[in-house]
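Data first, discussion second: the structure below is written as structure tokens.
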Amino acid sequence: MHCDVLWHNAQLMTLDAAAGGLGIVDDGIVACRHGHIVYAGAAAQAPALQPDTAHDCQRRWISPGLIDCHTHLVYAGNRANEFEQRLRGASYADIAAAGGGIVATVRATRAADDAALLAASLPRLDAMLAEGVTTLEIKSGYGLALDDEIKQLRVARQLGAQRKVEVVPTFLGAHAVPPGEQAQPYIDQVCTQMIPAIAAQGLAEAVDVFCEHLAFSQAQAEQVFIAAQAHGLRIKIHAEQLSNQHGAELAARYGALSADHIEYLDQHGVAAMAAAGTVAVLLPGAFYFTRDTQLPPIAALRTAGVPLALATDCNPGTSPLTSPLLAMNMAATLFRMTVDECIAGFTREAARALGRSERLGQLRAGMDCDLAIWNIDAPADLVYRMGFNPLHARVWRGHPC
């Protein structure tokens, strides 16, 4: 069999769902043709392969490229000053009253043009790519007006054009109530003006809603979901981060790809997610940065068979994190997730959370050839070490980059 590129003398984490766990192969090879994997598995069982190029991995580990399935990467401004203020005793309410918080990011993002937003976002993206990310979701939500939301989504698309990475755009117009507006009239605008325009331009694949007592109600979230489905967009939700608004249960009824945060999720929400196949996206960076104490119900989610994905939640206010490797360590340390769960959370289950499990997140024939090649002794090193980047090479669609 002819192939374009062959990686051999490697140890593999295939993340093959059928095999379960990490799907470890001790003496493995990965063969690629036209950007897709044609074989990934044991060298001893491989068909005869004639590669144009072969790479001796010298016993390095190969995993699927990492997938960050929840980010707010595109924004302008810097809120490090608020971090300092909180350390000195200021409350979130104090900061918001002084014009800070999400309003500060909205103000800066609205003021930035495409070029400025792109320049601000590229270093954050590059930091993720340097740790093996090959696909990431990027949400809007810092424009909170049609033209500015479109601008954010447009820049997200430009990021994907400028780097070898797949960008999955999500419309999060229902992130917060804009300054000077009221929630219901604004949600009406999201549903009747923003969603139709964004869907018509093909700028987003899904919608997201922040369903919380300080943002939007369950009824308002449902209004957004109905509008999204009418325009062919998939559904995600920020749910149960600060209180139990039963948002995850609602989203599951609408077939949501994922429910994210979910610290206050109850058993009814767990059952609804399990029945719908909705992925739990856990965000340990936000939990850490905000010094939260309410743990997501990991044991209940495991028992119910709900897939567990992880993400950085990169954003300027509650998780200024661009390191998936550190997020894995946080998930293990704070949430007591296993090594297998942490690595699967940034590969196989993250692909599921983005509706891409048919072609991303595993090493097997037919999948896109997105790889991360690691200088590690064992998979646990990816989760155990902190401030450590063992990436040897990143491969996107079969091309080293």
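For all residues, glycine too, the Cβ spot is worked out from N, Cα and C.
On a predicted model such as this, the values are computed, not experimentally measured, just so you know.
Feature list (source: Swiss-Prot):
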BINDING   HIS70, HIS72, HIS238, ASP313  Fe(3+) binding site
BINDING   HIS70, HIS72, HIS238, ASP313  Zn(2+) binding site
BINDING   ARG79, TYR142, HIS175, GLN241, THR318  4-imidazolone-5-propanoate binding site
BINDING   TYR142, ASN315, GLY317  N-formimidoyl-L-glutamate binding site
Could you check which of the binding-site residues (HIS70, HIS72, HIS238) sits closest to THR318 (4-imidazolone-5-propanoate binding site), going Cα to Cα?
-> HIS72
Can you list, in sequence order, the residues of the same chain other than TYR142, ASN315, GLY317 whose CB lies within 8 Å of the CB centroid of the N-formimidoyl-L-glutamate site?
-> HIS72, TYR75, ARG79, ILE102, THR105, GLY141, PRO316, THR318
Among HIS70, ARG79, HIS175, i.e. the binding-site residues, the one with its Cα nearest that of GLY317 (N-formimidoyl-L-glutamate binding site) is ARG79
Looking at the binding-site residues HIS70, HIS72, HIS238, ASP313, which ones sit with their CA no more than 10 Å from the CA of TYR142 (4-imidazolone-5-propanoate binding site)?
-> HIS72
Fewest neighbouring Cβ atoms within 10 Å: which of the binding-site residues GLN241, ASN315, THR318?
-> THR318
Least surrounded, by Cβ count within 10 Å, of the binding-site residues HIS72, ARG79, HIS175, HIS238, ASP313 is ARG79
In sequence order, what residues of the same chain, 6+ apart, have a Cβ less than 8 Å from the Cβ of HIS70 (Fe(3+) binding site)?
-> GLU137, LYS139, SER258, ASP260, VAL281, LEU283, ALA311, THR312, ASP313, ALA353
What does DSSP call THR318 (4-imidazolone-5-propanoate binding site) in the simple three-state scheme?
-> coil
